[in-house]
Amino acid sequence: MAASFPDSVNENDIGKAKFIGELLVPVAPFDQKAGRETWTVAFAPNGSYFAWSQGHRIVRLIPWAKCLKNFSIGHNGEATNASSPRRLSRQNSNGGQEIQPADEPREHTIDCGDIVCGLAFGSSVPEKQSRCVNIEWHRFKFGQDQLLLATGLNNGRIKIWDVYTGKLLLNLMDHTELVRDLTFAPDGSLMLVSASRDKTLRVWDLKDDGNMVKVLRGHQNWVYCSAFSPDSSILCSVGAGKAVFLWNMDKLTLIRKLEGHHNDVVSCEFSPDGALLATASYDTRVIVWDHHKATILLELGHLFPPPSPIFAGGANDRWVRSVSFCPDGRHLASITDDRMVRFWSIEEKAPQAIGSLSNGLCCAFSAEGSVLATGTRGGSVLFWECPRSVASLQHMCRMSIRRLTTTQQVETLAIPTPLRDYLTYKII
């Protein structure tokens, strides 16, 4: 009989992930119908808001500090890691006047008009210029404390909202089918990438009033997920196919495809230093790549013995639905159809902690990394405390170096081999 853990691991020795809270959807008669799934959860980059698609066209935005107060995290039940949102004056997206936000961010519900399949927060850096240099007049002038929410809908539309006011700013119409995933470039340029069932990725420039910059073609089937590298130079995209696509986002061209999965790849995310890439697949594995060299550094299995490549679609009770990198760069989380959430350390091949999660679909770490949010088919969100450990000075130095250097650049350094192996994550 197939097992969830290798024979060398005793399930009773694995830590139990600490469940800390839940957000429930309102109970109504129509809630039992299809369309109530939480397909996506997201945290604002500045720690101010948490958003989830709670089904039936609705996105709920909750102030994260308010959420954290209800969770028992840290000593004496105090929320020790609540990052207080910035309370700067901000510019209205319509142009001129300064608005002072309320002392506390307000809770919103947004009716998007259709089932929400993807969402993402984006924040602006005013000095970051639009790629479109010929247009001097723009409808929107994004201020320093502007916070946007992009929602990808079942009908192929993308709607852009002002998080603080709940106002609809833009309605982007070009995809011909469901928009499954959205991701903003982390550099504050407000470049948005959408992934769709129409087999394309589309690149939008919100600083150019949402004009589409490029259609990225190459996927033969649905595109499920995309993710930017931390420096915004590379985009990873995955979908209904075994290949992992890497795109150069300066030239908007395909760099290469990573081959190693045996079934559809459904989720991807870069490590915070940009050195590693994690991909999750229906082949019951998460692969951690050195994407610079197209090599596999680590395989995290969810079924033992693993399915053979020929029958890699057969173990659908162990399909991996989602993977997320913790901001500490040392931990990952995965959601699988075997009713578990797993927390991993990049230094071990067995999970560090597990929790019971039925019908999980997606996961995301909070901006400071202390909490994992998991969305479910029932529309609710469950929160877990991330396993705590103090990062070594070595690891922190490695992350600092790898934020600025590729694997190839590290390999040219005149340093001892063990140190080079450590910096290139060969010994993780």
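The backbone N, Cα and C atoms fix where each Cβ goes, and this holds for glycine too.
Annotation source TrEMBL lists compositional bias 'Polar residues' at 78-97.
Annotated region 'Disordered' per TrEMBL: 78-105, in sequence order.
Beyond the ends of the repeat 'WD' (142-171), by six or more residues, the same chain brings 44, 46, 48-49, 51, 53, 59, 61, 86, 88-93, 99, 101, 105-106, 108, 110, 112-126, 177-182, 184, 190, 192, 194, 196, 198, 204, 206-207, 209-210 to within a C-beta distance below 8 angstroms of the stretch. Summarising the annotation, TrEMBL assigns repeat 'WD' to 142-171 (among others).
When Cβ-Cβ distances below 8 Å are used as the criterion, the repeat 'WD' (172-214) is approached by residues 39-40, 45, 117-125, 128-132, 135, 138-140, 142, 148, 150-160, 220-228, 230-232, 235, 237, 239, 247, 249, 252 of the same chain, each at least six residues removed from its ends. The annotation repeat 'WD' is assigned in TrEMBL to 172-214 (among others).
Mean per-residue pLDDT, taken over the repeat 'WD' (216-257), amounts to 97. Annotation comment: TrEMBL describes 216-257 (among others) as repeat 'WD'.
With a cut-off of 8 Å between Cβ atoms, the residues of this chain six or more beyond the repeat 'WD' (258-290) that come close are 224-231, 234, 236-244, 246, 296-303, 306-307, 309, 312-313, 315-316, 318-325, 327-329, 332, 334, 336, 344, 346, 362, 398-400, 402-403, 407, 424-425, 428. Residues annotated as repeat 'WD' in TrEMBL: 258-290 (among others).
Long-range contacts of the repeat 'WD' (320-354) within its own chain (CB-CB distance under 8 A, at least 6 residues past either end) are made by residues 4-6, 8-9, 11, 14-17, 266-273, 276, 278-282, 284-286, 288, 298-302, 360-365, 367-369, 372, 374, 384, 386-387, 389, 391, 395, 399, 425, 428. Annotation source TrEMBL lists repeat 'WD' at 320-354 (among others).
Here TrEMBL flags 387-428 as domain 'SOCS box'.
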